[in-house]
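Per TrEMBL, the features are:
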- 29-52: transmembrane segment (TRANSMEM)
- 229-251: transmembrane segment (TRANSMEM)
- 257-275: transmembrane segment (TRANSMEM)
- 313-334: transmembrane segment (TRANSMEM)
- 359-383: transmembrane segment (TRANSMEM)
- 448-476: transmembrane segment (TRANSMEM)
- 496-520: transmembrane segment (TRANSMEM)
- 598-621: transmembrane segment (TRANSMEM)
- 633-651: transmembrane segment (TRANSMEM)
Amino acid sequence: MELEEKAKYGEPRKFDPSFKGPIHNRGCTDIVCCILFVLAILAYFAVGILAWSQGDPRKVIYPTDSRGQFCGQAGTPQEKKPLLFYFNIMKCASPMVLLEFQCPTTQICVEKCPDRFMTLIKAHSNKNDFDYYKNYCDQSVTNSMSVPDILRFRLCPAMLTPSTPFTRRCFPALGQKGGVIVVGNNSKFDDGSGTMKDAKDLVAGVKNATVAIEARQTMMKIFEDYTHSWYWILIGLVIATLTSLLFIILLRFLAGIMVWVMIALVIVVIGYGIFHCYMEYAALKEQPGANVTLQQLGFQTDLAVYLQIQQTWLAFMIILVIVEVIIILLLIFLRKRLLIAIALIKEASRAIGHVMCSLFYPLFTFLLLAIVIAYWAVTAVFLSTSNEPIYKVFNDTPCEFSREVCNPGNYSTSAMKAQCPDTQCLFAFYGGETVYHKYLIGLQFYNVFLFFWCANFVTALGQMTLAGAFASYYWAFVKPDDMPAFPVFSALGRSLRYHTGTLAFGSLILSIIQIIRVLLEYLDHKLKVAQNKFAKFLLCCLKCCFWCLEKFIKFLNRNAYIMVAIYGKNFCTSARDAFFLLMRNMIRVAVLDKVTDFLLFLGKLLIVGLVGVFAFFFFSGRVKAFENTAPNLHYYWVPILTVVIGSYLIAHGFFSVYSMCVDTLFLCFLEDLERNDGSPERPYLMPESLRKILNKKNKTTAQ
């Protein structure tokens, strides 16, 4: 029965006396996909050049006035006018603001926001007041012009209210006084026509005007936090790098002890996290308003608000308790298998000891990934800002041309102006009707797809390179004499020279699945308001299926690259051979491979936990010794989160060498069991520690 089961998954490897590890006489694989990848990269460069020639990042940086000019841009007449001023902020309460992200009122660039109440009628009668008022008018306004003419041609606002700058825009300085909404300490104001209005009437306009830029303000605060804390973040990442390197070095010499130390420290760190969450939860018990639920609180741009309520810390505590229990239960059930995994990690340590330059290969991968991410981000920004300014008709009285596209250059003499004399041709948004603008969405999609493809290609290149280097170690009969002089460089050269097409093929399959997952997330976001429960259920099932498929493809690709690095065959053949080899040894896969991955994951978790705890105490100012050293930030979680994510990526980079080494040695170990039987003619190449655990002996050593 066992033989039939094995036959179903292919024939086991036969003994080959000439086989000594990765073969040297190999040819190029998956050439068609290699050509397709090169053409896609060339097209990607063309998209980048086109985007850089058409795009203008100033549209993101600077606000735009009604004439399409950038406020505060250096080298222009608006250089000393960095702020955007709205003639009538109450018109921003129109629902059209949410559709076009532009208020239907004249907007001009100003040097500073008004700091007093003033109406045009009163200011016009006093020269000094009118000189001040003209700072918020069109440049063509003169003292000789009458108030009706100024208002008819919309050259000045009818009133000024005390305002404050917010994301380079002037908004009324609203506040509360005795439970009443005030602006500039007054609950009422003159709207310019002699009518007194309540300050609360400004709220709707301010709310709609800020809905399109609230997220941007948060991003600006986050960016400001980065400018104040970047060097401390860098220090935190350096600490994470040194800690990861120290762990790797200790694993090299003290693998068994370090594994148990890692397990104990992870349990202790998570335990401290549970204790800290409980103390915060208990401390907030007496605080007024701390019992508000997350649902009642809703979305807040200031995430520090969430840390002031009990439910947040309770949620953190529950999550950490669940993680702690899962880890302890896994350790209890896997205690016997840990010894086998530790033996495999010890052998991986010896392999890395013979291929020390492999520890620094992740730096090369990080560099390539940084280039890919930077190219994608810059191209995305230029593509999103390569639209043209669109001007539309804005009206106070009924007009058939309302919201139609217009040309500000000749609008004063156009038929639209003649039929609707009270209308204006104002800047609305950035868009375009040319062929290029129609296909901008397609170019953005191509940019995202090539980002996934290139990022997966870089990752795949690293996996195949390390697999080739460690396979050279395993199959060397006399180590290190039978190994190449520079195993990593030799493996990298083979991968790029012969298997670029294979790397492109595997990463293409993975990229297609990831793009489908992105589209499903986009559809899920769009359908959140829908009440169709069947559609939501179907979408949830699809997301789950493609998540599982992505994990399986990553696992299959990883093992396929190992087989390609050893035998030099194409992707499909290598994937089939790797899959059948694993299926023929399914029990050993569960025993060794996954337990080892779990231990390495604990190592990454420990490094992230240690660095994260240090970052939390430093940036939050909880330790008095750091109180004067830590920078003043809007959101102290910004550098903490950055350090935690960066620490995980750094730890993952270093431990990925171990992980790839273990996976490669594991596949070689399985093939060793099939090729050899321990006889003098066919001795096992696996280390003695593994042979003892598996009760395998070389007959030459048994005598």
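Glycine residues also receive a Cβ, built from the backbone N, Cα and C atoms like all the rest.
Keep in mind that TrEMBL annotations are predicted by a computer and have not been checked by a curator.
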Is the transmembrane segment (29-52) in contact with the transmembrane segment (448-476), using at least 3 Cβ pairs under 8 Å (sequence separation of 6 or more) as the test?
yes
Using Cβ atoms only, state whether the transmembrane segment (359-383) and the transmembrane segment (257-275) have three or more pairs under 8 Å that are 6 or more apart in sequence.
no
Tally Cβ pairs under 8 Å between the transmembrane segment (313-334) and each listed stretch (29-52, 229-251, 257-275, 598-621), then give the stretch with the top tally.
257-275
Name the range, of those listed as 29-52, 229-251, 496-520, that has the largest tally of Cβ pairs under 8 Å with the transmembrane segment (257-275).
229-251
In the same chain, which residue numbers or ranges, 6 or more beyond the ends of the transmembrane segment (229-251), come under 8 angstroms Cβ to Cβ?
258-259, 262, 345, 349, 352, 359, 603, 606-608, 610-611, 614-615, 618-619, 630-631, 633, 638-639, 642-643, 646-647, 650-651, 653-655, 657-658
Beyond the flanks of the transmembrane segment (496-520) by at least 6 residues, Cβ under 8 Å
26-37, 448-449, 452-453, 456-457, 459-461, 464, 539, 542-543, 546-547, 549-550, 553-554, 557, 560-561, 564, 568, 570-571, 574-575
In the same chain, who gets a Cβ under 8 Å from the transmembrane segment (598-621) while lying at least 6 residues past its ends?
229, 232, 236, 239-240, 243-244, 247, 251, 259, 262-263, 265-266, 269-270, 272-273, 327, 330, 334, 338, 341-342, 345, 627, 629-631, 633, 636, 639-640, 643-644, 647-648, 651-652, 655, 658-659, 662
